[in-house]
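Copied from TrEMBL, the annotated features are:
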{"type": "DOMAIN", "residues": "67-216", "note": "domain 'Helicase ATP-binding'"}
{"type": "DOMAIN", "residues": "231-368", "note": "domain 'Helicase C-terminal'"}
Amino acid sequence: MICPRCKNQDPKYFYTFNNTSYCRKCIHIGLKNETISNTVKKVNLNTDFKLDYQLTPLQEKLSNELLNRYKKHQNTILKAVCGAGKTEITYALIKYALNSGHNVCFTTPRKELVIELAKRFESQFTNVTITCVYGGHTTKTDGQFIICTTHQLYRYPNFFDLLILDEYDAFPYANNEVLQAFLKNSIKGNYVYMSATLLKTPDLSMTKRYHGYPLDIPKCYISNTLLMYIIAIKLILKFKKENKPVLIFVPTIKLTNTAYRYFNVLGIKTKPVSSRTKNIHMLINDLKSGKLDALITTTILERGITISNIQVIILYGDNRIYETATLIQICGRVGRKANFPTGSISIFTPYKTKAIKECIETIKKDNV
C-alpha cells in the first residue's frame, strides 16, 4: 500500500476503519475529503500588476528568463540574496500563467509570510481574486491564484500549472518528507523554487540587491553573558536615540522573556516574540511606527519581514540553532530599503562558530 498524498509505504502507519484505509503519517494535517477537485473550471483572466518602481535591468533580465523557461515547460531553481527583490521578478510569470488560464500557487512554509504576501499581491495585482489559505484561515480554499503555507498543499492534488515555492529551505518544510510529498503531488505543470540560502546549484542567480548596495557584514563581539548584555544595552540605547528600530534575536522562547525583563528595567520599549505570540503582526507594526524600540524574537522572524532602517542584534550566537543559513537570513533583514540600504548587525558569542564564519564568508563572496 502507498499513501496517495505523502507517498508513505511503511505499513506501520496504515490503519483501516469502516473499510476505509488511513495513513497516520499525514492524517493529522487534513482529510482526503478536504481536497479541491482538479476539474475546477479555469478562466483566461485579464490580470495585470502595478509597481511603484521600475525593476532593475538584472531583475528585468531574470524576470524574462523565468517566463521563457516556463513557456518551455522547464522547472527553475532561483537563488537571490536577501533583499534582491526576488518576489517582484515572478510577477510577469504569474501574470502570463493566469492570463493563460493556468492555476497558480505561491507557497511558503510560514504563515506570517503568507499573510504578508497576500496583502502585497492584493495591492499590486488587478482583475484576479486571490485566495489565502493557512491554518485557521480555510473557509475559502478554491481559486485560480492560491497563496498558502506548504501545510495546506494537501488540498490541491495535481492542481497547479505553476507553483512558486519561496524559502524552500526554511522550517518546517525543509527535511519534512510529508510536506515535500504534498508539494510534489500538487504540481501538474512546473515549479520555481526560490531562496537566498540554497544548497542545490541554481538555474538562475541574483547576487546583488536591487538598490545596488552590498550586503552588510556582521560584527562579532567575543563576550561572556554579562559583557554581552552590557554592550548590547549600550547599542540599543544608541539606536533608540537615533530612532532606529532593532530586532534582537535569541535562540529560545525562554530567553525572549529573560532578555525582555533586562531591557524593560532600563526603559527600552520592547516585546518578546515567538511562535506562541498571537499578535505578531501588530507588534511588528508597533516597531515600524516607533511605538516600540525593539522586538526580542526567536528565529521566527529570520525571514519574510522588511522593516525600514532596522538594526539587528544576535545574542547567544554560539547556540546550535544559528546555522549558517539562519544567520544569513537574519543578516538579510538589514539594508533592504533603498532609502536605508545599510545598517548594523552585531553577533554576541563566546567564540566564532563554524556557522558564523561561513555566514561571513558567504556574504563577502556574494558582495564580490
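Numbering starts at 1 and runs along the chain as displayed.
Cβ atoms are placed via backbone N, Cα and C, with glycine included.
Confidence annotation: the domain 'Helicase ATP-binding' (67-216) carries a mean pLDDT of 92 in the model. Taking DSSP states H, G and I as helix and E and B as strand, the domain 'Helicase C-terminal' (231-368) has 59 helix, 23 strand, 56 coil. Taking DSSP states H, G and I as helix and E and B as strand, the domain 'Helicase ATP-binding' (67-216) has 47 helix, 42 strand, 61 coil.
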